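Lifted from TrEMBL, the feature list:
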type     : residues : note
DOMAIN   : 130-183  : domain 'PDZ'
TRANSMEM : 97-120   : transmembrane segment
TRANSMEM : 229-249  : transmembrane segment
TRANSMEM : 270-290  : transmembrane segment
TRANSMEM : 321-342  : transmembrane segment
């Protein structure tokens, strides 16, 4: 439990820090006043002013934020020179400031993957060792643990995990007897794979541990770029399936679900956890670019409309639209969190 909580807080704080750092850097480059760059939320524990910006550490050590002059309706803006306000800057400068957050997340993911592949190597296959077990899955309910080695299924030995997984996929909800090795001792468990209707295969809900080969710097760079692009495409595919009904809202994970998955990756080892951190960074980067109110993408839509109209939009109207968008996002967050809790307590 402690591993799950710590891993979740650390990953999400670094993710948010990277995002807000992007906004901060480009706001300063554009000559926009930044009131505060905060680490965490709640009452301030420590604050220092540097170059006109307050850098704060706050009570709840999760996420981060920047307060930019002219971004919202703040009484503080009245004391700031007009040329330092966000909404008074040229359209391109504002667009760059908004894009900087999501692109910093994508760049951070790329760096994470490059370091990972440089040190751990490039994935070259999968082993017979269990690398991760999904929360609430048939594998978890059967007692399969990270680190177990799969020896046989229904008495048939498998030297290659790929063939064992193929057998599981074809089992069609039939109970399987799995022979495992745990810390050198043989054990047997029974598990019934669950049919995935969309994929039309049966799944136990575990992931094998990858095998790695050492890579050169150039190979690590290439693989990091390739994986970042793959994760971007994966995120867009999920969004598209969500829009078209291929994925239901009930399948989405909220903070509780993500924390659970983070804990499982942490148990699988540092390599798995770091890769998951890269995936979340890509996720946040791409999702923030969606043209939805309250997100960076929604603000970019306002800028695009302003460019088409050749005159500024009404700020009160934009604030109202963003308020509606934030309400919708919070409602969605509440929905998926309730789903997470129902899954956690076995009622879903």
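Backbone N, Cα and C define each Cβ position, glycine as well.
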Quiz prompt | Leading contact stretch, 229-249, 270-290, 321-342 vs the transmembrane segment (97-120) - CB distance under 8 Å | solution = 270-290
Self-check item: Distant-in-sequence neighbours of the transmembrane segment (270-290), which means Cβ under 8 A and at least six residues beyond its ends
Solution: 7, 11-12, 14-15, 18-19, 99, 101-106, 108-109, 112-113, 115-116, 120, 131-132, 210, 212, 227-228, 231-232, 235-236, 239, 258, 261-262, 296-298, 300
Exercise. For the transmembrane segment (229-249), find every same-chain residue at least 6 residues outside the stretch whose CB is under 8 Å from a CB in it, and list them.
Key: 106, 109, 198, 278-279, 282-283, 285-287, 290, 332, 335-336, 339
Exercise. Please work out the mean pLDDT for the residues of the domain 'PDZ' (130-183).
Key: 89
